[in-house]
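Colleague: One structure is given below, represented as C-alpha coordinates, and several questions about it will come after.
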Amino acid sequence: MEETRTAIVTGAGQGIGRAIALRLASDGFNVVINDVNQERADSVSQEIQQLGKKSLAVKADVSNREEVFGLVSRTHEAFGSVDVMVSNAGIAQVKPLLEVSTEELERIFNVNVFGVLYGIQAAAEQMKKQGSGKIISACSIAGYKGFSLLGVYSATKFAVRGLTQAAAQELAPFGITVNAYCPGIVGTQMWEHIDEKMAEYMDLNRGEAFKQFSEGIALGRPEEPEDVAQFVSYLASSDSNYMTGQSIMIDGGVVFS
Ligand SMILES: NC(=O)C1=CN([C@@H]2O[C@H](COP(=O)(O)OP(=O)(O)OC[C@H]3O[C@@H](n4cnc5c(N)ncnc54)[C@H](O)[C@@H]3O)[C@@H](O)[C@H]2O)C=CC1
Ligand SMILES: CC(=O)C(C)=O
(Lines of atoms letter the chains of each structure in order from A and count residues from 1; the text may use other names and numbers.)
(Lines give C-alpha, C1' and ligand atoms only; values in the text may rest on other atoms or scores of the structure.)
(Ligands and ions follow the chains in the order given, each with its own letter.)
Protein backbone atom coordinates (compact mmCIF):
# COMPACT_ATOMS: atom_id res chain seq x y z
CA MET A 1 0.00 0.00 0.00
CA GLU A 2 1.23 3.53 -0.81
CA GLU A 3 2.34 5.59 2.23
CA THR A 4 0.19 8.60 3.11
CA ARG A 5 2.05 11.74 2.08
CA THR A 6 2.66 14.58 4.51
CA ALA A 7 2.33 18.32 3.93
CA ILE A 8 3.28 21.29 6.09
CA VAL A 9 1.33 24.53 5.66
CA THR A 10 2.70 27.65 7.37
CA GLY A 11 0.38 30.43 8.48
CA ALA A 12 -2.45 27.88 8.33
CA GLY A 13 -4.38 29.14 11.35
CA GLN A 14 -6.76 31.18 9.20
CA GLY A 15 -7.45 32.53 5.72
CA ILE A 16 -5.74 31.05 2.66
CA GLY A 17 -3.47 28.77 4.71
CA ARG A 18 -6.43 27.22 6.51
CA ALA A 19 -8.22 26.57 3.20
CA ILE A 20 -5.06 24.98 1.76
CA ALA A 21 -4.65 22.78 4.84
CA LEU A 22 -8.26 21.56 4.69
CA ARG A 23 -7.99 20.90 0.95
CA LEU A 24 -4.73 18.94 1.28
CA ALA A 25 -6.28 16.90 4.12
CA SER A 26 -9.24 16.05 1.88
CA ASP A 27 -6.73 15.15 -0.87
CA GLY A 28 -5.38 12.52 1.56
CA PHE A 29 -2.33 14.22 3.07
CA ASN A 30 -1.37 14.20 6.74
CA VAL A 31 -1.24 17.95 7.35
CA VAL A 32 0.96 19.83 9.81
CA ILE A 33 -0.63 23.13 10.73
CA ASN A 34 1.91 25.81 11.50
CA ASP A 35 1.11 29.26 12.78
CA VAL A 36 2.72 31.81 15.05
CA ASN A 37 -0.62 31.78 16.88
CA GLN A 38 -0.94 28.46 18.77
CA GLU A 39 -4.70 28.69 19.36
CA ARG A 40 -5.47 29.15 15.68
CA ALA A 41 -3.14 26.32 14.69
CA ASP A 42 -4.76 23.99 17.26
CA SER A 43 -8.23 24.86 16.07
CA VAL A 44 -7.50 24.07 12.37
CA SER A 45 -5.63 20.91 13.32
CA GLN A 46 -8.65 19.76 15.36
CA GLU A 47 -10.96 20.57 12.44
CA ILE A 48 -8.87 18.24 10.26
CA GLN A 49 -8.77 15.48 12.89
CA GLN A 50 -12.56 15.70 13.17
CA LEU A 51 -12.67 14.84 9.44
CA GLY A 52 -10.88 11.61 10.33
CA LYS A 53 -7.49 12.77 8.98
CA LYS A 54 -4.13 12.97 10.72
CA SER A 55 -2.90 16.40 11.71
CA LEU A 56 -0.48 18.06 14.11
CA ALA A 57 -0.31 21.73 15.17
CA VAL A 58 3.18 23.22 15.49
CA LYS A 59 3.70 26.77 16.67
CA ALA A 60 6.67 28.43 14.96
CA ASP A 61 7.57 31.86 13.67
CA VAL A 62 8.67 31.49 10.05
CA SER A 63 11.02 34.46 10.40
CA ASN A 64 13.09 32.38 12.85
CA ARG A 65 15.35 29.96 10.97
CA GLU A 66 15.75 27.52 13.88
CA GLU A 67 12.01 27.36 14.43
CA VAL A 68 11.40 26.54 10.75
CA PHE A 69 14.01 23.76 10.86
CA GLY A 70 12.33 22.56 14.09
CA LEU A 71 8.95 22.52 12.33
CA VAL A 72 10.34 20.27 9.60
CA SER A 73 12.03 17.91 12.11
CA ARG A 74 8.84 17.64 14.22
CA THR A 75 6.93 16.76 11.07
CA HIS A 76 9.47 14.12 10.07
CA GLU A 77 9.44 12.63 13.58
CA ALA A 78 5.63 12.49 13.64
CA PHE A 79 4.92 11.25 10.11
CA GLY A 80 8.20 9.93 8.65
CA SER A 81 8.46 12.25 5.63
CA VAL A 82 7.92 15.81 4.40
CA ASP A 83 6.49 15.54 0.90
CA VAL A 84 5.05 19.02 0.46
CA MET A 85 6.10 22.29 2.10
CA VAL A 86 3.66 25.17 1.63
CA SER A 87 5.27 28.41 2.82
CA ASN A 88 2.08 30.40 3.02
CA ALA A 89 2.66 32.66 6.05
CA GLY A 90 2.93 36.30 5.14
CA ILE A 91 2.08 39.76 6.43
CA ALA A 92 0.94 42.92 4.65
CA GLN A 93 2.08 46.47 5.09
CA VAL A 94 0.22 49.52 3.78
CA LYS A 95 2.45 52.58 3.72
CA PRO A 96 3.79 55.16 1.25
CA LEU A 97 7.38 54.19 0.40
CA LEU A 98 8.72 57.52 1.67
CA GLU A 99 7.42 56.78 5.18
CA VAL A 100 8.66 53.20 5.66
CA SER A 101 11.05 52.82 8.60
CA THR A 102 13.98 50.42 8.82
CA GLU A 103 12.14 48.38 11.48
CA GLU A 104 9.08 48.03 9.25
CA LEU A 105 11.25 47.00 6.29
CA GLU A 106 13.01 44.39 8.40
CA ARG A 107 9.78 42.99 9.84
CA ILE A 108 8.08 42.34 6.50
CA PHE A 109 11.19 41.03 4.75
CA ASN A 110 11.86 38.74 7.74
CA VAL A 111 8.45 37.09 7.41
CA ASN A 112 7.67 37.22 3.67
CA VAL A 113 11.17 36.65 2.23
CA PHE A 114 13.41 35.17 4.92
CA GLY A 115 10.48 32.95 6.01
CA VAL A 116 10.10 31.61 2.46
CA LEU A 117 13.84 31.00 2.12
CA TYR A 118 13.99 29.22 5.49
CA GLY A 119 11.07 27.07 4.30
CA ILE A 120 13.01 26.16 1.16
CA GLN A 121 16.19 25.43 3.13
CA ALA A 122 14.57 23.33 5.85
CA ALA A 123 12.28 21.37 3.54
CA ALA A 124 15.04 20.76 0.99
CA GLU A 125 17.36 19.35 3.67
CA GLN A 126 14.78 16.62 4.40
CA MET A 127 13.52 16.20 0.81
CA LYS A 128 17.07 15.66 -0.51
CA LYS A 129 17.32 12.60 1.77
CA GLN A 130 14.00 11.34 0.39
CA GLY A 131 14.93 12.07 -3.26
CA SER A 132 11.65 13.91 -3.85
CA GLY A 133 9.44 16.73 -2.65
CA LYS A 134 7.40 19.75 -3.62
CA ILE A 135 8.06 23.22 -2.25
CA ILE A 136 5.27 25.74 -2.79
CA SER A 137 5.36 29.35 -1.63
CA ALA A 138 2.93 32.26 -1.39
CA CYS A 139 3.56 34.96 -3.96
CA SER A 140 0.84 37.44 -5.11
CA ILE A 141 -0.32 39.56 -8.02
CA ALA A 142 1.89 42.05 -6.15
CA GLY A 143 4.83 39.83 -7.17
CA TYR A 144 4.26 40.91 -10.77
CA LYS A 145 3.02 44.49 -10.31
CA GLY A 146 4.08 47.06 -7.73
CA PHE A 147 0.95 48.51 -6.12
CA SER A 148 0.80 52.00 -4.64
CA LEU A 149 0.82 51.90 -0.80
CA LEU A 150 1.83 48.22 -1.02
CA GLY A 151 5.33 48.98 -2.35
CA VAL A 152 7.41 47.12 0.20
CA TYR A 153 4.91 44.24 0.32
CA SER A 154 5.19 44.06 -3.49
CA ALA A 155 9.00 44.00 -3.22
CA THR A 156 8.80 41.00 -0.87
CA LYS A 157 6.61 39.13 -3.35
CA PHE A 158 8.93 39.96 -6.28
CA ALA A 159 11.65 38.41 -4.10
CA VAL A 160 9.59 35.23 -3.64
CA ARG A 161 9.47 34.90 -7.43
CA GLY A 162 13.29 35.21 -7.65
CA LEU A 163 13.83 32.64 -4.89
CA THR A 164 11.39 30.27 -6.59
CA GLN A 165 13.19 30.46 -9.94
CA ALA A 166 16.66 29.97 -8.42
CA ALA A 167 15.64 27.21 -5.98
CA ALA A 168 13.93 25.30 -8.80
CA GLN A 169 17.23 25.12 -10.69
CA GLU A 170 19.33 24.27 -7.63
CA LEU A 171 16.96 21.56 -6.36
CA ALA A 172 15.89 19.89 -9.62
CA PRO A 173 18.82 17.42 -9.46
CA PHE A 174 17.39 16.14 -6.14
CA GLY A 175 13.89 15.47 -7.47
CA ILE A 176 12.45 18.56 -5.77
CA THR A 177 10.16 21.00 -7.58
CA VAL A 178 9.67 24.59 -6.43
CA ASN A 179 6.69 26.71 -7.45
CA ALA A 180 4.58 29.58 -6.11
CA TYR A 181 0.95 30.66 -6.26
CA CYS A 182 -0.10 34.27 -6.86
CA PRO A 183 -3.56 35.06 -5.46
CA GLY A 184 -5.39 38.29 -6.26
CA ILE A 185 -7.89 39.99 -3.94
CA VAL A 186 -8.91 37.45 -1.31
CA GLY A 187 -11.35 38.40 1.46
CA THR A 188 -9.27 37.36 4.46
CA GLN A 189 -8.12 39.20 7.59
CA MET A 190 -5.13 40.40 5.58
CA TRP A 191 -7.46 42.38 3.34
CA GLU A 192 -9.40 43.67 6.39
CA HIS A 193 -6.10 45.20 7.49
CA ILE A 194 -5.23 46.52 4.01
CA ASP A 195 -8.69 48.02 3.62
CA GLU A 196 -8.51 49.73 7.03
CA LYS A 197 -5.09 51.26 6.33
CA MET A 198 -5.95 52.29 2.75
CA ALA A 199 -9.09 53.99 4.08
CA GLU A 200 -6.86 56.13 6.33
CA TYR A 201 -4.36 57.05 3.62
CA MET A 202 -6.88 57.57 0.81
CA ASP A 203 -9.69 59.14 2.86
CA LEU A 204 -12.12 56.34 2.01
CA ASN A 205 -14.86 54.65 4.01
CA ARG A 206 -14.18 51.15 5.33
CA GLY A 207 -14.79 48.57 2.59
CA GLU A 208 -14.23 51.01 -0.29
CA ALA A 209 -10.64 50.04 -1.06
CA PHE A 210 -11.57 46.34 -1.15
CA LYS A 211 -14.52 47.21 -3.41
CA GLN A 212 -12.36 49.32 -5.75
CA PHE A 213 -9.71 46.58 -6.07
CA SER A 214 -12.42 43.93 -6.56
CA GLU A 215 -14.00 45.91 -9.40
CA GLY A 216 -10.86 45.22 -11.44
CA ILE A 217 -11.36 41.43 -11.36
CA ALA A 218 -12.30 40.05 -14.80
CA LEU A 219 -14.30 37.15 -13.33
CA GLY A 220 -16.46 39.65 -11.43
CA ARG A 221 -16.10 38.55 -7.81
CA PRO A 222 -13.50 38.69 -5.05
CA GLU A 223 -11.43 35.56 -4.59
CA GLU A 224 -12.23 32.96 -1.92
CA PRO A 225 -9.45 31.17 -0.02
CA GLU A 226 -10.79 27.92 -1.57
CA ASP A 227 -10.04 29.27 -5.08
CA VAL A 228 -6.37 29.41 -4.06
CA ALA A 229 -6.51 26.06 -2.26
CA GLN A 230 -7.74 24.27 -5.38
CA PHE A 231 -4.71 25.48 -7.30
CA VAL A 232 -2.30 24.58 -4.50
CA SER A 233 -3.87 21.11 -4.49
CA TYR A 234 -2.72 20.79 -8.11
CA LEU A 235 0.79 22.06 -7.27
CA ALA A 236 0.97 19.49 -4.45
CA SER A 237 -0.19 16.65 -6.68
CA SER A 238 1.73 14.49 -9.14
CA ASP A 239 -0.20 16.23 -11.97
CA SER A 240 2.23 19.16 -11.62
CA ASN A 241 5.38 17.01 -11.66
CA TYR A 242 6.71 18.62 -14.86
CA MET A 243 6.31 22.20 -13.54
CA THR A 244 9.10 23.95 -11.65
CA GLY A 245 10.31 27.51 -11.08
CA GLN A 246 6.91 29.02 -11.82
CA SER A 247 4.92 31.66 -9.91
CA ILE A 248 1.44 31.28 -11.30
CA MET A 249 -1.40 33.78 -11.16
CA ILE A 250 -4.60 32.49 -9.55
CA ASP A 251 -6.45 35.81 -9.36
CA GLY A 252 -9.66 35.67 -11.41
CA GLY A 253 -8.02 37.96 -13.98
CA VAL A 254 -6.46 41.03 -12.35
CA VAL A 255 -2.87 41.04 -13.56
CA PHE A 256 -2.05 39.46 -16.92
CA SER A 257 1.56 38.30 -16.91
N1 LIG B 1 -5.41 37.98 1.09
C2 LIG B 1 -4.98 38.27 -0.11
O3 LIG B 1 -5.68 38.99 -0.86
C4 LIG B 1 -3.69 37.76 -0.63
C5 LIG B 1 -2.80 37.07 0.15
N6 LIG B 1 -1.61 36.64 -0.39
C7 LIG B 1 -0.65 35.91 0.42
O8 LIG B 1 -1.23 34.71 0.91
C9 LIG B 1 -0.69 34.38 2.18
C10 LIG B 1 -1.82 34.19 3.19
O11 LIG B 1 -2.58 35.38 3.25
P12 LIG B 1 -3.95 35.51 4.09
O13 LIG B 1 -4.52 34.20 4.38
O14 LIG B 1 -4.75 36.52 3.38
O15 LIG B 1 -3.37 36.17 5.44
P16 LIG B 1 -4.00 36.22 6.92
O17 LIG B 1 -3.40 37.43 7.55
O18 LIG B 1 -5.47 36.09 6.89
O19 LIG B 1 -3.41 34.91 7.62
C20 LIG B 1 -2.02 34.77 7.77
C21 LIG B 1 -1.73 33.72 8.85
O22 LIG B 1 -0.29 33.66 8.93
C23 LIG B 1 0.08 33.69 10.30
N24 LIG B 1 1.43 34.27 10.40
C25 LIG B 1 1.76 35.58 10.27
N26 LIG B 1 3.07 35.73 10.50
C27 LIG B 1 3.58 34.51 10.76
C28 LIG B 1 4.86 34.04 11.08
N29 LIG B 1 5.91 34.87 11.21
N30 LIG B 1 5.03 32.70 11.27
C31 LIG B 1 3.98 31.84 11.19
N32 LIG B 1 2.72 32.27 10.91
C33 LIG B 1 2.53 33.58 10.70
C34 LIG B 1 -0.98 34.54 10.99
O35 LIG B 1 -1.03 34.28 12.39
C36 LIG B 1 -2.24 34.12 10.24
O37 LIG B 1 -2.86 33.01 10.87
C38 LIG B 1 0.27 35.52 2.54
O39 LIG B 1 1.59 35.15 2.20
C40 LIG B 1 -0.19 36.65 1.65
O41 LIG B 1 0.84 37.56 1.38
C42 LIG B 1 -1.28 36.86 -1.69
C43 LIG B 1 -2.13 37.54 -2.49
C44 LIG B 1 -3.41 38.04 -2.04
C1 LIG C 1 -2.67 41.10 -0.35
C2 LIG C 1 -2.23 41.10 -1.75
O3 LIG C 1 -1.31 40.41 -2.09
C4 LIG C 1 -2.92 41.89 -2.65
C5 LIG C 1 -2.27 42.29 -3.86
O6 LIG C 1 -4.04 42.24 -2.42
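Backbone N, Cα and C define each Cβ position, glycine as well.
TrEMBL labels come from automatic prediction, so no person has curated them.
Since we're looking at a predicted model, the values are computed, not measured.
TrEMBL lists these features:
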type	residues	note
ACT_SITE	Y153	active site, proton acceptor
BINDING	14-16, D35, 61-62, N88, Y153, K157, 183-188	NAD(+) binding site
Colleague: For T188 (NAD(+) binding site), what is the secondary structure by DSSP, using just helix, strand and coil?
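Modeller: The three-state answer is coil.
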Colleague: Find, among the binding-site residues listed as Q14, N88, T188, the one whose Cβ has the highest number of other Cβ atoms within 10 Å in the structure shown.
Modeller: N88
Colleague: Using a 10 Å radius around each Cβ and all protein chains in view, which of these recorded positions has the most neighbours: I16, Y153, G184?
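Modeller: Sorting the candidates by Cβ neighbours within 10 Å, the top entry is I16.
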Colleague: DSSP three-state call for Q14 (NAD(+) binding site): helix, strand or coil?
Modeller: coil
Colleague: Cβ atoms within 10 Å, counted per site: which of D61, K157, V186 has the most, among these binding-site residues?
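Modeller: Sorting the candidates by Cβ neighbours within 10 Å, the top entry is K157.
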Colleague: Taking only the Cα atoms, work out how far D61 (NAD(+) binding site) lies from Y153 (active site, proton acceptor), in Å, as a whole number.
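Modeller: With distance taken Cα to Cα, Y153 (active site, proton acceptor) is 18 Å from D61 (NAD(+) binding site).
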Colleague: Those recorded positions, N88, Y153, K157: which ones have a Cβ sitting under 6 Å from ligand 1?
Modeller: N88
Colleague: What Cα-Cα separation, expressed in whole Å, is found between G184 (NAD(+) binding site) and Y153 (active site, proton acceptor)?
Modeller: 14
